[in-house]
Amino acid sequence: MSEQTIYGANTPGGSGPRTKIRTHHLQRWKADGHKWAMLTAYDYSTARIFDEAGIPVLLVGDSAANVVYGYDTTVPISIDELIPLVRGVVRGAPHALVVADLPFGSYEAGPTAALAAATRFLKDGGAHAVKLEGGERVAEQIACLTAAGIPVMAHIGFTPQSVNTLGGFRVQGRGDAAEQTIADAIAVAEAGAFAVVMEMVPAELATQITGKLTIPTVGIGAGPNCDGQVLVWQDMAGFSGAKTARFVKRYADVGGELRRAAMQYAQEVAGGVFPADEHSF
């Protein structure tokens with residue numbers, strides 16, 4: 001019997017037995033032309049919901065710096081702040097592939113530092129893979145991790161950890177810079193990455209790279225032709241502030257509903273409406 005996935009019959013959107021998603025499923029989906037979704041997750045409860053919804057890949061992103069800890073950028077967050085979040089997500093999502101971000105400062109020094117950081121996420125956090133930002137400049141780190149048996153998702157284009165160097169949140173790979181983005185994509189693939197995130201890259205360039213690579217591409221602000229797509233769940237579900245990036249589509253108003261529920265709860269407590277007899281022993 002062939003191995004089944006969360007989607008059933010190994011195809012996104014299908015039905016059937018639910019088993020663990022592995023990196024080879026993503027490779028197969030690329031070969032078969034099946035697109036798939038990835039979301040961030042930072043705790044047990046939301047990870048459980050996303051797993052039940054059939055999201056095959058969950059990213060414990062360093063975006064937790066913004067949406068969990070309230071930092072202005074992703075730069076300050078540490079391994080020690082991320083690992084407890086990874087543990088919760090892994091427990092809540094028995095079927096999804098859980099990828100953990102290596103935070104700024106944990107891998108730039110070279111392969112030895114990258115291996116130490118990634119090992120912590122797998123051993124202490126239970127992550128199934130790690131993600132790190134950069135193209136050619138981190139190819140050696142990627143090769144080291146994959147040689148050690150650690151699956152790596154790469155991240156090129158706009159890399160949030162380099163926001164200060166890049167001069168803010170800007171589209172990458174326009175004009176002459178396109179060749180460097182292509183070189184970065186090829187470098188991470190040749191180093192052994194099982195997939196590559198492309199952030200804020202022109203759609204035409206992302207399409208070209210997706211066609212060149214044998215590994216899956218994951219877009220975030222990179223057009224519709226990547227093999228997968230990823231969003232921060234708070235942006236996707238309307239839980240973050242009113243202003244979001246152009247590439248975000250809101251599928252709900254979770255923030256508004258939570259605010260309404262909290263206000264109603266407070267009003268009913270103040271007015272003596274809650275708890276009522278049916279809520280008492």
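The backbone N, Cα and C atoms fix where each Cβ goes, and this holds for glycine too.
In sequence order, His155, Ile156, Gly157, Phe158, Thr159, Pro160, Gln172, Gly219, Ile220, Gly221, Ala222 make up the list of same-chain residues 6 or more apart from Glu199 (active site, proton acceptor) whose Cβ falls under 8 Å from its Cβ. Look at Swiss-Prot and you will find Glu199 tagged as active site, proton acceptor.
Sequence annotations record features per position, and here Swiss-Prot assigns Mg(2+) binding site to Asp62, Asp101, Glu133. Within 10 Å of the C-beta of Asp62 (Mg(2+) binding site) there are 28 other C-beta atoms, taking all protein chains into account.
Positions annotated as 3-methyl-2-oxobutanoate binding site by Swiss-Prot, on the basis of similarity to another entry: Asp62, Ser63, Asp101, Lys131.
According to Swiss-Prot, the N-acetylserine annotation covers Ser2, on the basis of a large-scale study or a structure entry.
According to Swiss-Prot, the feature region 'Disordered' maps to 1-20.
Within 8 Å of the centroid defined by the CB atoms of Asp62, Asp101, Glu133, the record's Mg(2+) site, lie the Cβ atoms of Gly61, Ser63, Thr74, Leu102, Pro103, Phe104, Lys131, Leu132, His155, Pro160, Gln161, excluding the listed residues themselves.
Distance noted between the C-alpha atoms of Glu133 (Mg(2+) binding site) and Ser63 (3-methyl-2-oxobutanoate binding site) is 13 Å.
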